[in-house]
Number of protein chains: 2
Amino acid sequence: MEPKTDTVYNFSAGPAALPKAVMEKAQAEFVNWNGMGVSVMEISHRSKPFIKVAQEAEQDLRDLLNIPDNYKVLFCQGGARAQFAAVPLNLMGNAKKATYIDGGYWAESAVNEAQKYCETDVFDAKVQKDGKIAILPASEWKIDPEAAYVHFCPNETIDGIEINDLPVTDKPIVADMSSTILSREIDVSKYGVIYAGAQKNIGPAGICIAIVRDDLLELASDLVPGILNYKLLAEQDSMFNTPPTYAWYLSGLVFKWLKEQGGVKAIEKINREKAALLYDYVDSSDFYRNGIHPNNRSLMNVPFQLAKPELDGTFLELAEARGLTSLKGHRVVGGMRASIYNAMTLEGVQALVSFMKEFEAQYA
Amino acid sequence: MEPKTDTVYNFSAGPAALPKAVMEKAQAEFVNWNGMGVSVMEISHRSKPFIKVAQEAEQDLRDLLNIPDNYKVLFCQGGARAQFAAVPLNLMGNAKKATYIDGGYWAESAVNEAQKYCETDVFDAKVQKDGKIAILPASEWKIDPEAAYVHFCPNETIDGIEINDLPVTDKPIVADMSSTILSREIDVSKYGVIYAGAQKNIGPAGICIAIVRDDLLELASDLVPGILNYKLLAEQDSMFNTPPTYAWYLSGLVFKWLKEQGGVKAIEKINREKAALLYDYVDSSDFYRNGIHPNNRSLMNVPFQLAKPELDGTFLELAEARGLTSLKGHRVVGGMRASIYNAMTLEGVQALVSFMKEFEAQYA
């Protein structure tokens with residue numbers, strides 16, 4: 001095995017690696033931002049310089065995702081977990097039910113929270129296909145005709161499952177895109193609400209984006225806490241209270257970086273290349289295994305198991321020594337997981353595959 | 001007037017200045033924390049190195065405030081605004097009412113949110129005394145015998161009002177200490193819940209501390225969103241979902257810095273000196289005025305008005321040129337406001353008073 005290098009490739013599932021160029025810029029201006037002699041985190045969220053940061057971040061995100069004008073972009077607190085409550089509290093109106101498509105751990109977590117506020121009609125879309133976990137095609141999903149909305153999670157971070165279909169429905173579609181957003185092109189106009197915790201493809205933990213179609217702003221329950229109230233947040237430009245300004249600023253830097261990379265279309269191409277490299281190698285090997293059907297493999301989170309699970313510790317230790325970090329799988333799935341969000345370079349995935357080959361050669 | 005200096009004294013009310021030593025340390029290790037080759041914001045909140053950060057921050061805060069063992073320390077999201085909802089949602093139990101002591105803008109904002117979840121019994125404690133705004137002594141506050149708790153805000157950031165008394169009651173006392181916490185010694189054992197948005201005396205915006213007496217963890221409504229559920233957060237060491245890790249880390253650095261300064265007792269001494277310097281000068285001058293009675297003047301937020309309000313713009317412009325920034329008062333009060341939290345040095349306040357004297361000499 002080759003010795004440790006200075007380059008670290010961080011495969012953390014979240015909080016995840018941020019683009020190197022973003023981190024270096026943020027470091028350089030950390031204590032003297034915008035020539036003001038203070039940090040961007042030390043100024044009022046209502047000051048002109050910060051409002052410019054906030055507005056540019058919103059506009060850049062709108063540009064990156066082609067967000068139509070009839071959608072509000074909200075910068076929220078509390079992560080996607082807060083949205084699990086915010087969605088029913090904001091969208092139920094006079095309805096009593098909502099349909100939740102169950103594709104894995106996070107979809108189920110959303111159900112558990114929603115049950116406090118509405119009746120949840122849950123459709124389990126997971127099936128076994130060719131000995132692997134797959135997702136039924138959307139045409140087979142059963143959606144309650146009285147549902148206020150249909151919720152799904154297109155990328156299951158823990159399981160490494162991806163749902164490429166959209167629910168076939170005239171109800172508002174609500175998507176937890178925490179691990180999907182900005183990784184590929186999407187048509188926002190097909191959704192009612194898209195939300196995403198920042199700590200994968202947007203910025204640091206502590207900020208969460210919600211993109212809400214404006215006709216859905218009038219349905220909130222009287223019981224929705226102000227900080228989760230979409231309409232209030234929209235009216236106040238997400239400054240109903242002091243927002244997490246530093247996380248907002250860093251997210252804005254990531255959006256600018258992504259534009260410089262050529263936008264979502266360009267990064268999607270690299271993301272597909274990265275994922276193919278890893279999955280192809282895993283599939284070609286008898287030593288590594290991924291339990292998800294090729295139709296539903298995540299582009300962002302690649303779990304894999306060793307044929308000899310007793311070597312997990314050795315694998316992780318040697319990988320770490322090579323600068324390949326945070327590869328331990330979630331306890332629910334076991335084995336390894338490589339999260340390869342936008343900030344992970346092709347070189348990083350190449351380095352991982354090289355290491356996996358060497359490890360296989362030595363220990364298989 | 002003297003020319004611009006390189007030193008900036010930042011009087012922002014929040015997000016506010018952080019200690020210089022903290023910011024310099026954070027900058028130095030921004031992209032390579034703990035020798036890991038990545039930022040502390042790029043690693044899992046469940047990784048050993050981050051859990052150490054989290055636990056040390058909690059222990060340092062416990063040490064600084066002498067928090068008894070029967071209190072949980074929670075690191076929350078959503079700011080104090082989220083707590084305005086969290087308090088009734090967690091504490092009402094079978095009660096229907098809560099008493100709110102009204103001392104100003106933020107106390108009233110807490111009432112507005114609480115009204116969604118309970119009947120609010122509001123006692124207006126503000127009076128005029130010697131032509132200034134004052135607060136009635138606590139012995140005169142009327143507290144509903146059926147109240148589940150008594151809520152008050154000891155420091156009104158906008159008005160510059162301070163309440164030095166504690167409610168006289170056997171009910172749990174709940175305090176919004178966003179602008180009070182760590183500025184002076186307090187006896188935590190007298191409170192049921194203390195909460196505080198970080199962006200004044202703790203760290204950057206986006207994290208909020210709640211200190212909760214453990215017998216109050218069993219009273220939550222079924223409707224409390226998970227991210228606001230004190231019991232759940234306590235059981236999960238504030239990692240029910242991904243916490244704002246970078247804000248938590250920075251808060252921890254601030255706690256260590258404060259310990260190095262000699263702790264809360266030592267900083268309180270400096271804070272009293274800073275406030276006295278500013279108030280004494282304002283009182284000695286006919287050109288500046290503060291509208292709060294000396295018994296109830298804030299130690300942290302010092303609003304003052306010019307005898308010639310038409311000079312407000314000139315004052316702010318010249319102050320800015322001298323490196324005295326963010327002095328504009330809140331629109332509700334007008335004039336100026338100097339927020340002098342822990343990170344503001346005595347030298348900063350001296351520089352402000354020198355400037356005020358020069359300005360008075362030239363423009364009075």
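Keep in mind that glycine also has a Cβ here, set from the backbone N, Cα and C atoms.
Because TrEMBL annotations are produced automatically, they should be read as predictions rather than curated entries.
Within 10 Å of the C-beta of A:ARG46 (L-glutamate binding site) we count 14 further C-beta atoms, all protein chains included. Annotation comment: TrEMBL describes A:ARG46 as L-glutamate binding site.
Around the Cβ of A:GLN199 (pyridoxal 5'-phosphate binding site), the same chain contributes A:GLY14, A:PRO15, A:ALA16, A:GLY79, A:SER178, A:ALA205, A:GLY206, each under 8 angstroms and 6 or more positions distant in sequence. Annotated pyridoxal 5'-phosphate binding site per TrEMBL: A:ALA80, A:ARG81, A:TRP106, A:THR157, A:ASP176, A:GLN199, A:ASN241, A:THR242, in sequence order.
For A:8-352, the entry in TrEMBL reads domain 'Aminotransferase class V'.
In sequence order, A:ALA13, A:GLY14, A:ALA16, A:THR157, A:SER178, A:SER179, A:ILE181, A:MET300, A:SER339, A:TYR341 make up the list of same-chain residues 6 or more apart from A:LYS200 (N6-(pyridoxal phosphate)lysine) whose Cβ falls under 8 Å from its Cβ. Residues or ranges marked as N6-(pyridoxal phosphate)lysine in TrEMBL: A:LYS200.
Mean per-residue pLDDT, taken over the domain 'Aminotransferase class V' (A:8-352), amounts to 97. Around A:THR242 (pyridoxal 5'-phosphate binding site), the same-chain residues six or more apart in sequence whose CB sits under 8 Å from its CB are A:HIS45, listed in sequence order. With a threshold of 8 Å between Cβ atoms, none of the binding-site residues A:TRP106, A:THR157, A:ASP176 neighbour chain B.
Spacing of A:ALA80 (pyridoxal 5'-phosphate binding site) relative to A:ARG46 (L-glutamate binding site) is 25 Å (Cα to Cα, whole number).
With A:ARG46 (L-glutamate binding site) as the anchor, the candidate binding-site residues are A:ARG81, A:TRP106, A:ASN241, and the one with the nearest CA is A:ASN241.
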